[in-house]
Amino acid sequence: MAQLPAGIRFIISFSRDQWYRAFIFILTFLLYASFHLSRKPISIVKGELHKYCTAWDEADGRFSSQSAKSGSIAPRQLPDNETDCGWAPFDKNNYQQLLGALDYSFLCAYAVGMYLSGIIGERLPIRYYLTFGMLASGAFTALFGLGYFYNIHSFGFYVVTQVINGLVQTTGWPSVVTCLGNWFGKGRRGLIMGVWNSHTSVGNILGSLIAGYWVSTCWGLSFVVPGAIVAAMGIVCFLFLIEHPKDVRCSSTLLTHSKGSENGTNRLRLQKQILKTEKNRPLDPEMQCLLLSDGKGSIHPNHVVILPGDSGSGTAAISFTGALKIPGVIEFSLCLLFAKLVSYTFLFWLPLYITNVDHLDAKKAGELSTLFDVGGIFGGILAGVISDRLEKRASTCGLMLLLAAPTDALPFSAPLPPTAMLLLSGALVSGPYALITTAVSADLGTHKSLKGNAHALSTVTAIIDGTGSVGAALGPLLAGLLSPSGWSNVFYMLMFADACALLFLIRLIHKELSCPGSATGDQVPFKEQ
């Protein structure tokens, strides 16, 4: 018998389950990368919506700025749908406030919608819910760009488009995290989630390059093309997304009590026996540190919701207040609020900052800003590896936040070259953000106190990311208000936000150092006493 080719030997060296998991990993990566791809164009196009107003001085061949900014672009014949300062209504002196309002409209709607999205998402099929969100997001992203082709100058049109787009994009994050949580267990979760969460930076980089390609010639396509990509990925989602391993008869590494009886009544009896047994058994050291200050109490009953019935799970979706009572959810949510404030300020305002300070055109500024996202890829992976190795999520986030604060202050005035500062700042800012939104959310959503209630993952993820999205809305808004008084004030605001994020982690860091594994309750295996 002839020896099998090397490629075939490689294929059969992996099990069926492993191939399915690799497929879901790549698919969810691409799906959410397309969401971020569609969010980036607005930051690239800002430099085109408002440009330097110039008056040509024929006597000496020089031109001066009417908007108190120096420029380097020669005057040219403008199309009918543009003014000499850009695109109305963003051609006025209050353009920074108007652009900030666009960011705030999207992010505020995103923050409000996220709290509802997780609750709705865990009651609907993930594939249908995510497909709807991607098709709608693609449509409204493209609609913003159609304002260029139809010569629309109504500020209200662009605000309403941003609001609706922000709402429909909330379908993405709880869906993909829940799907990935269904397929992957807790082993090396930080590394797996760190690599997977690089979709944020990959999407931002692709969005910057795609939007930058058309920004100087036809900025409407900077939105239409990403919108078409998101919609196309929505169709891919509908055709290929597998929500749970059991749908294709693969083994589940997430559910710990999956071998119950098929009958709903017997399943309820089995769950009651498990609860009774664990109630009579002393709490393990990890749970004592996590839930109790003195080790004498019991688990709050709202943490476990069990319903009889014939559906496969035997558990119902956790309530909003029940999810808030999971230890660590509130602290990590508030930390993410400030971490995301910093991250999204860079996301939406970095290209315009580069344009104003280095006097580059919108395309070059967009390309240079991608270095921040490249650093974010390495930062997310590094945070995951360190947290897995040290088995301390909060401490890892705290260390990176502490180091991030100095790099947020005037990166282009630092001793290191701007490229190095952008890479370093991107890594340190994105590391905690990536770790909290992925591995920490998955840890808390499958917390011990939930007794295997996998339905809680979507709600917990939505609460954490929804709270973070409040900061994501505030950051760009504050940047728009502070930037007219000087960009240094914006960066001081970012330093203050990093300090606040670190402050909310102090208690969890103390818990981790005094009782390993207590921040999320699932990181460190313990020995039975």
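From the backbone N, Cα and C atoms, a Cβ is placed for every residue, glycine too.
These figures come from a predicted structure and were not determined experimentally.
Database features (TrEMBL):
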type     : residues : note
TRANSMEM : 19-37    : transmembrane segment
DOMAIN   : 27-513   : domain 'Major facilitator superfamily (MFS) profile'
TRANSMEM : 98-116   : transmembrane segment
TRANSMEM : 128-150  : transmembrane segment
TRANSMEM : 156-184  : transmembrane segment
TRANSMEM : 196-215  : transmembrane segment
TRANSMEM : 221-242  : transmembrane segment
TRANSMEM : 329-350  : transmembrane segment
TRANSMEM : 370-387  : transmembrane segment
TRANSMEM : 394-414  : transmembrane segment
TRANSMEM : 420-442  : transmembrane segment
TRANSMEM : 454-478  : transmembrane segment
TRANSMEM : 490-509  : transmembrane segment
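Counting only same-chain residues 6+ beyond the ends of the transmembrane segment (420-442), those with a CB under 8 A from a CB of the stretch are 173, 177, 180-181, 186, 189-190, 193-194, 196-198, 200-201, 328, 332, 335-336, 339-340, 342-343, 346, 368-369, 371-380, 382-384, 387, 393, 396-397, 400-401, 403-404, 407-408, 411-412, 414, 457, 460-461, 464-465, 468, 501, 520. Annotation: stretch 196-215 has the most Cβ pairs under 8 Å to the transmembrane segment (19-37), among 128-150, 196-215, 221-242, 370-387, 454-478. Away from its own ends, the transmembrane segment (370-387) comes close to residues 189-195, 197-198, 200-202, 204-205, 208-209, 346, 350, 393, 396-397, 400, 419, 422-435, 438-439, 523 of its chain (Cβ-Cβ under 8 Å, at least six residues beyond either end).
Long-range contacts of the transmembrane segment (156-184) within the same chain: residues 20-21, 24-25, 28, 31-32, 35, 38-39, 42, 101-102, 105-110, 112-114, 116-118, 121-122, 126, 129-130, 132-134, 136-137, 140-141, 143-144, 147, 192-193, 196, 241, 243-245, 252-254, 437-438, 441-442, 445-446, 454, 457-459, 461-462, 465, each at least 6 residues beyond the stretch ends and with a Cβ under 8 Å from a Cβ of the stretch.
The stretches the transmembrane segment (329-350) and the transmembrane segment (454-478) meet in space: the count of Cβ pairs below 8 angstroms, excluding pairs fewer than 6 apart in sequence, reaches at least three. Using a Cβ-Cβ cut-off under 8 Å and counting only residues 6 or more beyond its ends in the same chain, the transmembrane segment (128-150) has close neighbours at 31, 34-35, 38, 41-42, 81, 87, 120-121, 157-158, 161-162, 164-165, 168-172, 175-176, 218-224, 226-235, 237-238, 241.
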